[in-house]
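Peer 1: Found this in TrEMBL, in case it helps:
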DOMAIN    8-210  domain 'Phosphoribosyltransferase'
BINDING   81, 106, 133, 134, 135, 136, 137, 138, 139, 140, 141, 202  5-phospho-alpha-D-ribose 1-diphosphate binding site
BINDING   196, 201, 202, 203  uracil binding site
Ligand SMILES: O=P(O)(O)OC[C@H]1O[C@H](OP(=O)(O)OP(=O)(O)O)[C@H](O)[C@@H]1O
Ligand SMILES: O=c1cc[nH]c(=O)[nH]1
Ligand SMILES: [Mg+2]
């Protein structure tokens, strides 16, 4: 099946919220809130390996040496547009992260990704990267985004998605085996238009209400 770099959330809260998200009758407002909440829950898993150090704190009872984050520097990188919906969920967990944007759309005919915008923090090569996008379908967009970050000198890259097709995960494992992938759910297949089934439709349109 998938390698140990693929982390599928097996959590009742994620499963429950994803089911509401998938419902075609869920409103734009609820859809947006759920994307953000699931993003926050997946960030919890994606940051499980963060290094800790200790510091001495005086509690009301005594002095104690206690764990604290070792201060790794992060950048969260949404793939525009739909990835924007996940940014505030990540930032609520990792508030000091910088944000870099990659604008990319998928040609509806060829399914090839096209980059139209890229703006990164200056020191992005020194940061751990979390690329975020609700959907991993063929994997073309995530592949191109990861390649772009590697070109800029980034080497510790994670990808966070809400719903993935097995085809997309398999593609990324071949071309970027070093990247950890955090997935809300792995769906059944891609249809002939490159949409994930059962999926949730077009994530960008549902977040921004453009259809
Ligand atoms: O794995 P892939 O086959 O590349 O497909 C997934 C991509 O398609 C969607 O973006 P879309 O092109 O619809 O752009 P949008 O976010 O502006 O709606 C989605 O948000 C991913 O970026
Ligand atoms: O199912 C899909 C596939 C690509 N992009 C989406 O938004 N949804
Ligand atoms: Mg879209």
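The backbone N, Cα and C atoms fix where each Cβ goes, and this holds for glycine too.
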Peer 1: Measuring C-alpha to C-alpha, could you say which of the binding-site residues 81, 135, 137, 139, 141 are within 10 Å of residue 196 (uracil binding site)?
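Peer 2: So far as Cα distances go, the binding-site residues lying within 10 Å of residue 196 (uracil binding site) are 135, 137.
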Peer 1: Looking at the binding-site residues 137, 139, 141, 196, 203, which have a C-beta within less than 6 Å of some atom in ligand 2?
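Peer 2: The binding-site residues passing the 6 Å Cβ test are 137, 196, 203.
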Peer 1: For the 5-phospho-alpha-D-ribose 1-diphosphate binding site, please report the maximum Cα-Cα distance among 81, 106, 133, 134, 135, 136, 137, 138, 139, 140, 141, 202 in Å.
Peer 2: 17
Peer 1: Have a look at the binding-site residues (139, 201) and report the one with the fewest Cβ neighbours inside 10 Å.
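Peer 2: Candidates: the binding-site residues 139, 201. Fewest Cβ atoms within 10 Å: 201.
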Peer 1: Can you give me the Cα-Cα distance between residue 137 (5-phospho-alpha-D-ribose 1-diphosphate binding site) and residue 203 (uracil binding site) in Å, rounded to a whole number?
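Peer 2: Counting only the Cα atoms, the answer is 11 Å.
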Peer 1: Could you find out if DSSP has residue 203 (uracil binding site) as helix, strand or coil?
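Peer 2: Looking at the DSSP assignment, residue 203 (uracil binding site) belongs to a helix.
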Peer 1: How big is the gap, in Å, between the Cα of residue 203 (uracil binding site) and that of residue 135 (5-phospho-alpha-D-ribose 1-diphosphate binding site), rounded to a whole number?
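Peer 2: Here the two Cα atoms are 7 Å apart.
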Peer 1: Which residues, same chain and not among 196, 201, 202, 203, have a CB within 8 angstroms of the centroid of the CB atoms at the recorded uracil site?
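Peer 2: After dropping the recorded site residues, what remains is 134, 135, 163, 195, 199, 200, 204, 205, 206.
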Peer 1: Is any of 135, 137, 139, 196, 202 (binding-site residues) within Cβ reach of ligand 3, i.e. under 6 A, and which?
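Peer 2: Among 135, 137, 139, 196, 202, near ligand 3: 202.
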Peer 1: About how far apart, in whole Å, are the alpha carbons (Cα) of residue 201 (uracil binding site) and residue 135 (5-phospho-alpha-D-ribose 1-diphosphate binding site)?
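Peer 2: About 10 Å separates the two Cα atoms.
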